[in-house]
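Annotated features, as they stand in TrEMBL:
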- B:1-12: compositional bias 'Polar residues' (COMPBIAS)
- B:1-30: region 'Disordered' (REGION)
- B:19-28: compositional bias 'Polar residues' (COMPBIAS)
- B:42-63: transmembrane segment (TRANSMEM)
- B:219-431: domain 'ABC transmembrane type-1' (DOMAIN)
- B:223-244: transmembrane segment (TRANSMEM)
- B:264-284: transmembrane segment (TRANSMEM)
- B:290-308: transmembrane segment (TRANSMEM)
- B:340-361: transmembrane segment (TRANSMEM)
- B:413-434: transmembrane segment (TRANSMEM)
Amino acid sequence: MYDEPALESKVTNKDIKIAARNVQVFYGDTHAIKDVNVEIQDKTVTAFIGPSGCGKSTFLRCLNRMNDTIDICRVEGDILLDSEDIYDKRVDPVQLRAKVGMVFQKPNPFPKSIYDNVAYGPRIHGLAKNKSDLDEIVEKSLRRGAIWDEVKDRLHAPGTGLSGGQQQRLCIARAVATEPEVLLMDEPCSALDPIATGQVEELIDELRDSYSVVIVTHSMQQAARVSQKTAFFHLGNLVEYGETSQIFTNPVDSRTESYITGRIG
Amino acid sequence: MTDATASHTPQPGQGGETAKSSLFTVSPRTRRRNASERRFKAYGVTAILLGLLFLCFLVYSILSKGLPAFTRTVAEVELTLTQAQIDEAESTLLKTGAYRDLMIAELGKVLGDVEPDAIQRIVGNPGAMLRNFYTANPDAIGDTVAFELPTASRVDGYFKGRITREGQANSTFLTPADLDLADRMQEEGIIKREFNWQFLTGAEASDDNPVAAGIGVSVVGSLYMMFVVLALSLPIGVAASIYLEEFAPKNRFTDLIEVNISNLAAVPSIVFGILGLAFFIQFAGLPRSAPLVGGLVLTLMTLPTIIISTRASLRAVPPSIRDAALGVGASKMQSVFHHVLPLALPGILTGTIIGLAQALGETAPLLLIGMVGFVALRYPDTIASGFLDSNSAMPAQIYTWAARADQIFYEKAWGGIIVLLVFLLTMNIIAVILRRRFERRW
């Protein structure tokens, strides 16, 4: 990519990483996502905001086919990752999820050691040839997750013994260990205190150098702080999508304005 | 409240106090609420106390009736039999009777002027044991051998208090005079009480020699069955639960299977016995009374228990763990086997052991496939043949003893219950330890 010194909130002409076209999602008879078209850029943080139940998490989970595990969920339309339809019959969702990593709302480390938490992905995907390779990947990922210094002396302690913020950063380290191209984050800070939130936000900003990050958040301040692009969802519709600065300062749609000023939500 | 106060004629100085209640006076409503709470607690305590009372009674009666089975009364006698005496005994029609008479003659010499029949009534029928010894050890012929042979079951009962002098007043099997003789033999050290290893290691015995009966062979039969049950029901049950819980589509067919599994857990065990008889023995042609067949029948019974508890423990694993595994690109199978199953393991193990304990105490289906107590007559010749050799199981053996005439079998039935309970307690303790050890928090 062009390593131009972009302004904090200025979006440049980067590649399109994910393109969604006319995406519809149904839970049984409920039409949860209605006709969403969006283009998510590479090496950018894109925030999905909107009131509860507006479909932003549902749409996020479509991007790595986590909705496949829900029997009654049906997805229509095209979602292209690097111009390849991820809902094509030939696509194995397991391979897709290796490319599109995910961090969940609640920190969910495996009840194993910190080392094993991070090493699990590389192990099942065969990313390391030997033990020292794996050690290197684990260290690199934990450094990326900005948690290496805190855990380097106790890599074999259980991951569940860490504090909430540390657990979430461990989960981020686990997600980046498989070398994904896109990182999906579903309200990653909702279970964290302000200090841990600050650490994770800082981390998200750093991750932008290597990945396309999509983050769902309930906090508009967070969206404003970490994202370059923002999408506002309301009742299953994508109401407005644009540069974060524009969405927050000069929204086009009246619903967006009502939401960010606190009148609906 | 307000209506009540309004109907009263307001008295001077009190109007303000009725409207404002004090925290120190308990209102009638609170009093009623507290009373009903106290009543409920009292019901609970009563129920628990009643339960404890019955438990104490059960433990007491089991121990008081069963513990005597672990001791036995023996008569000591030193015999020096010559080859000629053996040959003579072997040439008679009632060979064991001849051996017994040799022993009685020896005891008669020690005791002096005593009727041989009286000695016989005391020592019972130990001839077979003597004969077996000399058949097995021909070298001992001509040497002096000290024997400790169990006495007749009534004498055993007399020393354990099961039989009283008054009760024997008109008995021809053991007269009061015989009891005097038994007392004398005890004083002279001929009759002693000792720990009854034979009860733990022995086999089922006939009515001729009831004192020799032991539970050892049927313990072995039970262990063989438990091995079959464990080897079949754990893998089948866990695989079925994982498939149903994690992979199977939710539709009417799987719903039907689910309902049927729950119903199977409630089917009376004797129905499984009939099924085992019809299928494994009559149709598949497996041998009767074999622990293999017993194990297969008990597997059918245990499977629903294991499947239900395994599914419950799989369901108890938080979905976030599955999401986490899928999120880093694990396949469904990897997420189940690497993450979900280890977390469900304590629950699965506990369910399995409880299922096994249930199977261990099951009697009815075993009676239908011929694993009655009478067949537990010898240990299997080899380890492998134990699966197909006729055998019984602990509960079936206890059931058989409880139904037999000689009073000593009654004592043995209670003793057998103690042995069975020791096994069950051990299994439950193992279940608790395993659960503690593998329990992990998330």
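Cβ atoms are placed via backbone N, Cα and C, with glycine included.
Quick caveat, the model's predicted, so the values are computed rather than measured.
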Contacting positions for the transmembrane segment (B:42-63) when only residues 6+ beyond its ends and CB under 8 Å are counted: 414, 417-418, 421
Listed stretch, out of B:223-244, B:340-361, B:413-434, that has the most CB pairs under 8 angstroms to the transmembrane segment (B:290-308): B:223-244
Chain residues outside the transmembrane segment (B:413-434) and at least six past its termini with a C-beta under 8 angstroms from it: 62-63, 65-70, 199-200, 215, 219, 222, 346, 349-350, 353-354, 356-357, 360-361, 394-395, 397-398, 401-402
For the compositional bias 'Polar residues' (B:19-28), residues assigned helix / strand / coil by DSSP: 2 helix, 0 strand, 8 coil
